Amino acid sequence: MYIRNMLLSGLAAASTAQAYANYTIREEDFPAPTPAPAPTTPKRTLSRIFGLVGDLLGINKDNDTPACPAIWTEISTTLTEQFLADGQCTDAARAAIRASFHDCFNGACDGSLILANECSNAENKGLERLCGNLANLATQTKVGVADLIQFAAAHAIKTCPGGPTVPVKIGRKDSSTAGAVGVLPGPNERGGDLVRLFASKGFTPTDLAALIGAHTTAKQRQADPSRAGASFDSTPGVWDNKFYSETKSGNKAPFTLQSDRNLAQNPLTAIPFSAFALSKARWDEAFVGAMVKMGLLGVREQGLVDCTGALPGGAGRKREVRGGDVFDRLGW
């Protein structure tokens, strides 16, 4: 029996060996190994964790940012027609820039300049026509008055040749409660008093020196009524920094406010004043930051919508909308 089993085992082994000898090895007999999953890097893991936490806390809102309503692009087109003529910014543009400061500085950027009829106050003389037109435009387009005042100012600055882009947001609350009278500085204020006044509103001396540069397109009406309409530098139709150099020189500008001359000489504002006279780019940068701060005085920023793209040359201006008929009726 033992010998029989040994013979059978030998025959089986020989048969198997013969089978392997006659078989051709194929590629599919060796399937590719399943690749191991790529390791998750600590950076990717942290990113996912923070992303989930941000979603839970409501921090990640980029995809939910509201778009600027299209009506602001229509308003922008109309304002351009009123703020630019013969390649220069107009008196309407100058009034719009001034109105921004006058609405905000005596309380908050709340539209009370128009809604509380502050435009009739002596310190706001010269703004009456603009106030009436903006009030009518706000009614016709159903936008907030406070927002329209600030948007018009940013638009006017951008419309003036050489003007920078001042970011502008909408969503302010309108108010018909008048702000305090007598807060706005006069034409003969001392430099130190101006520095303290603006500091009380959160502005640095550099902010003050930058903001006063808006006089580059302005004209005086009240300081010397006999010379009403005289500009504060020799190029009031464009946004340049000649205001600074001509104010410092003391005799090149058609008209210089004593308060401006005082700022040019005050130790706290004289340095940025001189720097802005040498560099328009440096002034533009400082002005934009200070102007954004001005446009948010007394305003709760949460919920505001960015409408900078609706300004001239902005990303939101993808189509041209004719709006001149509105202002033809308003008589700008």
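Placement of Cβ uses the backbone N, Cα and C atoms for every residue, glycine included.
Annotated features in TrEMBL:
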type: ACT_SITE; residues: H102; note: active site, proton acceptor
type: BINDING; residues: T216, D233, T235, D240; note: Ca(2+) 2 binding site
type: DISULFID; residues: C89-C160; note: disulfide bond
type: DOMAIN; residues: 93-322; note: domain 'Plant heme peroxidase family profile'
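Known features from TrEMBL, placed on the structure.
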residue: C89; record: disulfide bond; contacts (Cβ under 8 Å, 6+ apart): F83, A156, T159, C160, P161, G163, T217, G237, V238, W239
residue: H102; record: active site, proton acceptor; contacts (Cβ under 8 Å, 6+ apart): L113, E118, E123, N124, L127, L184
residue: T216; record: Ca(2+) 2 binding site; contacts (Cβ under 8 Å, 6+ apart): F232, D233, T235, P236, V238, W239, D240, N241, K242, F243
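Cβ packing within 10 Å was compared across the recorded positions C160, D233, T235, and the lowest neighbour count falls to T235. Each of T217, S234, P236, V238, W239, N241, K242, F243, E246 belongs to the same chain as T216, D233, T235, D240, is absent from that list, and has a C-beta within 8 angstroms of the C-beta centroid marking the Ca(2+) 2 site. When averaged over the domain 'Plant heme peroxidase family profile' (93-322), pLDDT in the model lands at 95. Here the Cβ of D240 (Ca(2+) 2 binding site) has 21 other Cβ atoms within 10 Å, regardless of which shown protein chain they belong to.
For the recorded site, T235 (Ca(2+) 2 binding site), the DSSP three-state label reads coil.
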